[in-house]
């Protein structure tokens with residue numbers, strides 16, 4: 001086996017085998033096998049290794065990706081790409097589940113947005129998670145994202161622009177093939193008639209351009225030029241592929257981009273955080289800020305993509321935001337150690353668009369947290385919210401009753417409802433589980449700067465005076481924990497384990513116990529500065 005090719009642009013893994021070690025002129029010609037991709041967004045291989053039986057080749061590339069090629073047993077001399085694991089090669093800053101809980105989108109400082117979903121090999125009972133699409137390959141470090149539909153999301157990076165992406169038809173079809181979901185159902189919900197086939201990024205560009213059927217037809221007829229300008233048209237690298245298994249790295253780079261459908265301008269500095277409401281009608285965004293004039297939260301309509309409102313309150317960067325599950329309240333926490341709560345006014349004939357008013361907030365003299373507040377989240381009933389801070393404190397606030405839900409009117413006095421929980425380290429992420437425990441207590445996950453994730457049950461009925469309202473019920477050990485800071489925690493929006501529902505649709509009566517057991521499981525996704533995304537299966541009955 002030859003040494004890895006030292007070139008760094010459009011590099012191949014070039015291997016040669018010699019049948020005879022002799023030096024005479026009658027020696028048979030060497031057999032050359034060349035694997036890899038030519039062109040695309042690659043910067044070459046750093047090394048490779050062959051399996052002992054000579055049937056597989058593994059290599060690693062500049063962008064941290066693993067590559068695998070397997071010898072085709074049916075065709076002599078043919079090698080085919082194999083399925084491997086993949087992931088970010090720099091800090092993962094944010095992640096989000098899709099509304100149905102079937103896949104995860106994540107963004108990172110490696111300037112990519114990646115989509116992961118479970119995949120089960122034929123005749124294999126256990127599903128494994130794989131990257132099946134790379135919707136965005138950017139020129140800036142990615143910082144945040146928010147889902148605004150089943151196959152639509154908004155992302156923010158170290159730039160002043162927000163970008164909106166819509167899944168192409170080719171992705172929807174391949175997602176259905178890989179996940180086992182009904183293709184017709186997905187295409188119906190995605191308005192397939194107006195979807196482009198895919199997307200490509202023009203040379204020196206940052207925006208993914210939609211590729212339609214007509215563009216593919218034009219590409220197939222290339223070869224004849226009617227004018228000099230025809231020779232320099234923007235080349236479309238996208239090739240529609242029908243996939244039944246996770247794609248290799250070269251396809252992820254070239255054929256799984258999503259077209260950019262909108263740009264949102266309004267912020268003066270780099271984007272920092274995003275949030276969308278449960279109805280997917282609103283998006284809130286915030287950027288880095290050292291003055292109050294730049295620390296305002298901007299609200300956007302997902303129907304028109306117009307800026308609806310600016311919400312000024314904080315004096316430094318808003319670090320995270322969250323809409324309540326009933327979409328009536330918006331919570332923001334900030335580097336200035338305070339939080340603000342905004343209430344939506346009911347639409348009127350004069351003002352049909354939603355308007356938010358400041359309902360409650362803390363100030364420097366009333367703030368309980370003494371350091372930056374990193375994270376926040378809402379309880380599933382929209383009555384309480386939780387904040388976590390660098391001061392190692394986790395606090396639940398409320399109550400926040402909603403008039404629409406029949407609860408008591410919103411009280412302007414929102415105070416800590418829990419005792420102050422000291423987790424022993426900077427609490428960088430926090431999340432409420434969307435389903436309650438068996439005793440109607442709330443399940444919370446807390447991510448730490450050390451990389452650990454802790455689980456607590458909080459019971460509002462026990463009161464906060466004695467500190468008995470918190471119960472530690474688990475956490476990650478050394479092998480399960482992240483190596484660096486936990487940046488984001490997100491519970492799957494529904495009970496059960498992703499990738500198993502499709503298998504149980506036709507369950508018989510004898511399998512009902514298994515279905516009931518499955519409903520006791522919940523899944524927690526975590527993103528970390530150690531470049532990894534982890535998904536934990538948690539059985540609530542065992543807590």
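The backbone N, Cα and C atoms fix where each Cβ goes, glycine too.
Marked as repeat 'WD' by TrEMBL: 85-116 (among others). Long-range contacts of the repeat 'WD' (85-116) within the same chain, counting only residues at least 6 positions beyond its ends with a Cβ under 8 Å from a Cβ of the stretch, are 63-66, 129-147, 149-151, 153, 155, 157, 165, 175, 179, 181, 249, 252, 273-274, 280, 484, 487-488, 490-494, 496, 498-499, 523, 525, 527-533, 535.
Residues annotated as repeat 'WD' in TrEMBL: 311-342 (among others). Same-chain neighbours of the repeat 'WD' (311-342): 272-279, 281-282, 284, 286-292, 295-299, 356-364, 367, 369-378, 380-382, 385, 387, 389, 397, 400, 402, 404-405, 414, 434, counting only residues six or more beyond its ends whose CB sits under 8 Å from a CB of the stretch.
Away from its own ends, the repeat 'WD' (366-397) comes close to residues 319-326, 328-329, 331-335, 337-339, 341, 405, 407, 414-418, 420-436, 442, 444, 446-447, 449, 456, 458, 460, 489 of its chain (Cβ-Cβ under 8 Å, at least six residues beyond either end). As annotated by TrEMBL, repeat 'WD' applies to 366-397 (among others).
Residues or ranges marked as region 'Disordered' by TrEMBL: 493-524.
If you look up TrEMBL, you'll see 502-519 marked as compositional bias 'Acidic residues'.
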Mean pLDDT across the repeat 'WD' (311-342), rounded to an integer, is what? 97
